[in-house]
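Undergrad: Let me give you the structure first, and then I'll get to my questions.
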């Protein structure tokens, strides 16, 4: 193996381990906290977490083996099954992110009617659509034998080996990425830009009230005034940073892989195999970033983990104190004697 292949193999191992750990932490928080389970977005996050976990235990290991052995790492049936699962999980995770953005849009733009517009039944219907939508493309690909080991990405994925099917495969690939990546990106941009517009409007209202208060408080200390102005700047930047993170990570992780898949359809442009694997690793990195972007860095999940850690530490301290007191209890009868 060359130094490039060793680095790529190490990158896949790192992505796989971090994705497993981070998504398991999200799952533990979901199972532990009743408040998280009560919230409608929790269903979308749970679906996204399962997609990321399945990606980490199915597609990533075979990609690692493909990089090491430079050939198909398993039999045709296993490779077809993993290719089917990879296509389904990638589409499902994209649509789950779009569903989360729709939920945030309704919550921010229509706060008074949120609970009537986004109920568990509505979330279940959206998830049902994402599953049907995600399953339709790999079913078509499997029926046309367009799943297999692709050397450019060292993974089991969409792949056409028959030159006579090239035109049909090009059309299928274009429609697939248009109705998965492009559709999800359009929904993300539309909903989050609407959310940002509302957030900026509220920030302006708060800023006006704050400035009026500072003008009235003539004797206020300069340090307090400076802290108020600094909080204004942070408030304006907070929503922009969050929305930029949601849209930016989606584009950064998926766009290089999607563009590479589309450019690959042209026989004019030659794509380096190292770049093909790197673009695949960028797509895998979404399974690593999702737990932090959507869950673990939020206040509610941080609080849940603090409760879990405190409970574990409290239980261990009780057990240790019980063990420490056990010898004394054994010696008590002897002392009485």
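Note that Cβ sites are derived from N, Cα and C of the backbone, with glycine treated the same way.
Automatic prediction, not curation, is the source of TrEMBL annotations.
Annotations for this protein, taken from TrEMBL, read as follows:
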DOMAIN    22-294  domain 'G-protein coupled receptors family 1 profile'
TRANSMEM  6-32  transmembrane segment
TRANSMEM  44-68  transmembrane segment
TRANSMEM  94-114  transmembrane segment
TRANSMEM  126-149  transmembrane segment
TRANSMEM  169-195  transmembrane segment
TRANSMEM  243-263  transmembrane segment
Undergrad: Kindly say whether the transmembrane segment (169-195) and the transmembrane segment (94-114) touch, using the definition of 3 or more Cβ pairs under 8 Å where each pair is 6 or more positions apart.
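TA: Yes, these stretches are in contact.
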Undergrad: Excluding the flanking five residues on each side, which residues at least 6 beyond the ends of the transmembrane segment (44-68) place their CB within less than 8 Å of a CB in that stretch?
TA: 1, 5, 8-9, 12-13, 15-16, 19-20, 23-24, 26-27, 30, 74, 79, 82, 85-86, 89-90, 92-93, 96-97, 99-100, 103, 123, 126-127, 130, 149, 151, 153-157, 277, 280, 284, 286-287, 290-291, 294-295
Undergrad: Looking only at the domain 'G-protein coupled receptors family 1 profile' (22-294), report the model's average pLDDT.
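TA: Across the domain 'G-protein coupled receptors family 1 profile' (22-294), the average pLDDT comes out at 88.
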